[in-house]
Each structure stands twice: as C-alpha cells, then as structure tokens.
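K.L.:
I'd like to ask some things about the structure below.
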Amino acid sequence: MSATLIDGKATSQKIKSQIAVRVEQLAQQGIVPGLAVVLIGDNPASHTYVKNKKKTCEALGMRSDLLEFPESFGEGELLEVISNLNNDPEIHGILVQLPLPGHIDEFKVILAIDPDKDVDGFHPVSVGNMMIGREAFLPCTPHGIMKLLEEYHIDPAGKHAVVIGRSNIVGKPAGQLLLQRDATVTYCHSRTVDLAEYTRKADILISAVGRAKFLGKEYIKPGAVVIDVGMNRDENGKLCGDVDFEDVLDTASHITPVPGGVGPMTIAMLMENTLLSAERGLTETK
Ligand SMILES: Nc1nc2c(c(=O)[nH]1)N[C@@H](CN(C=O)c1ccc(C(=O)N[C@@H](CCC(=O)O)C(=O)O)cc1)CN2
Ligand SMILES: [Mg+2]
C-alpha cells in the first residue's frame, strides 16, 4: 500500500489563513505585527528564503522589514542593528538569517536578540524554556513538524521516534518536542554506527541529514511515519530530500514530500511566532 502524503503546503495554508484572521483582529486595536529579517551576504538560498518570509508577512497583513547588508558587514555593526531592533516598539520579531559569514560569531548574534522578540526560538532563554516545557518561542522547523503530526492525527505518545541529526535548529529541538509528547526518542548522527539498526526500529523517523535520497526502504520500519527535513539537489539539480521518496512509498505509512512538506511549515510557524509576540505585547501593556 502506498503511504499517505503529509501535505505541508496545504497544512501551512490552513494555518496561515487562521493567522490572517488574528492579524485582522489585532489591526482593530491598532497593532500590526512587525517582523525584522536581517540578511548578511550573498547566499542565494538565503535570499530566496528571506524574500519568501517578507512576501508571506505582507500577504497576512503583517509588517516586514528586510535589512540587507554586504558579506563584509562587521559583527559589531550587526550587534548595533540588533540593539536598535530590540528597542523598536513596532518590531515584535527579529530574525537573523542563517548561515552567517564565517567572520561573525553566530552565538554572539543570537544572544544579542531580546528573547521576547526571538521568533526563531534560537536564543538560549528560548531553548531553556522549551527544554523544561515552559512557554517559549519554539524553533520553526521542529514546531512545524509537530503541527504536521497533529494535523494527521499521529500521536507520538509511546512511539519510538528516531531523529537523525543533532543541529541546534532542527535535530535537537525536534527530539525534545517529541519527548514532551511522550515519545521514546533516539538521536542518531554522523558518528552513529550502523544507522539502519536504529532507523528500522523507528515508528516516527525524522531525517535532517542533508544527503540527497540517502534513506531507502532498507532504513524504514514497515508502517513508519517518515518526516524528511532534508533540502538537497539530486543528480539533475532537482530539489529533493534525504529520503528516496519513491523507494520508501510502499513501506512507510505516512511521508512528507520535498518540496511541499516541512519547508512551508517553517515559514508558517515563523508567522505564528511573530503574531504571538505582538499579541503578547498587547496583554502585557494592558
Ligand atoms: N534564522 C533562520 N535561518 C534558517 C532557518 C530558520 O528557521 N531560521 N531555516 C533554514 C532555511 N529556511 C528558513 O529560513 C527555510 C528553508 C526552506 C523552506 C521551504 O519552504 N522550502 C521549500 C522549497 C523551497 C525551494 O524551492 O527552494 C519546501 O520544502 O517546500 C523554508 C524555510 C536555514 N536557515
Ligand atoms: Mg540578550
């Protein structure tokens, strides 16, 4: 039997429509959620992503300021930009597009963002709050994965979830959020010996490896839910995930496509975090 397609594009549209309604309600109180997106350098993929973020903000009635700087932009200058955004009452969310050029310390930059405006959920305060299950801006890609599972009525409780990848922005938080939903979580990574030994025991498999069509059916437990976070190019330059989609279709029960799976959810969750930040400001000033 062929796996059910987990449609991130449709799910993200649904979430964005709900966000638009809440944005309109805020507008009646004179508040427009504002997102500042900071982009340094010429990475073409980053340019595409930030343009998409700006376009989505505007489509939902939110304000979006795109601040673009050359590759040579200094770390001190960037910290000053962030400080100004921290103090701007019309900006509810600040996002610095990653990766940053090598001469800029990513951690220092993330640390400079006011945690109340950390809509990426990368600041150590956000990460700490997420870890202990307190209210926090959740990182957009892992949060998007959890929303997809919810939309398709896949309850992680009691399931064995295997996460391949241990980055701070996807792998680690994805495992934590699954743990909070009572999954038993195993992390695998580049030094894992006999990866298939683990992945074949996964009821839910999250792959954030970054290798085109790396996971074939021999890695998949029959009936598994497969979430593909990979964003790679195949031998023909076509966008593809970590999973060999066609090969695993008859083994998995559910699968996310690339494109159209996790990616669109990342943007939707960013919009939700920005809206939440604006709504939160309203409650706090009442
Ligand atoms: N500050 C941040 N930097 C980065 C993040 C992030 O969440 N915050 N994540 C990634 C890039 N990213 C958003 O920034 C992102 C990547 C991909 C997509 C997406 O919608 N992908 C589409 C396909 C797009 C294409 O055709 O190229 C899909 O999967 O359908 C959204 C967001 C690293 N940096
Ligand atoms: Mg700070």
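We number each residue from 1, going along the chain as drawn.
Note: Cβ is positioned from N, Cα and C throughout, glycine not excepted.
Summarising the annotation, TrEMBL assigns NADP(+) binding site to G165, R166, S167. Per TrEMBL, the feature domain 'Tetrahydrofolate dehydrogenase/cyclohydrolase catalytic' maps to 6-120. The domain 'Tetrahydrofolate dehydrogenase/cyclohydrolase NAD(P)-binding' annotation in TrEMBL covers 139-280.
Could you place the listed features in the three-dimensional structure?
P.N.:
The secondary structure of S167 (NADP(+) binding site), as reduced to three states from DSSP, is coil rather than helix or strand. Cβ neighbour count for S167 (NADP(+) binding site) (all protein chains, 10 Å cutoff from its Cβ): 15.
Over the domain 'Tetrahydrofolate dehydrogenase/cyclohydrolase NAD(P)-binding' (139-280) the predicted model carries a mean pLDDT of 98.
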K.L.:
DSSP helix, strand and coil counts for the domain 'Tetrahydrofolate dehydrogenase/cyclohydrolase NAD(P)-binding' (139-280)?
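P.N.:
Grouping H, G, I as helix and E, B as strand yields 53 helix, 26 strand, 63 coil.
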K.L.:
Taking the Cβ of R166 (NADP(+) binding site) as reference, which residues of that chain separated by at least 6 in sequence fall under 8 Å from it?
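P.N.:
Same-chain residues close to R166 (NADP(+) binding site) (Cβ under 8 Å, separated by 6 or more) are K172, Y187, H189.
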K.L.:
Long-range neighbours only, meaning 6 or more apart in sequence with Cβ under 8 Å: which ones does G165 (NADP(+) binding site) have?
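P.N.:
Non-local contacts for G165 (NADP(+) binding site): G171, C188, H189, I206, S207, A208, V209, G210, V229.
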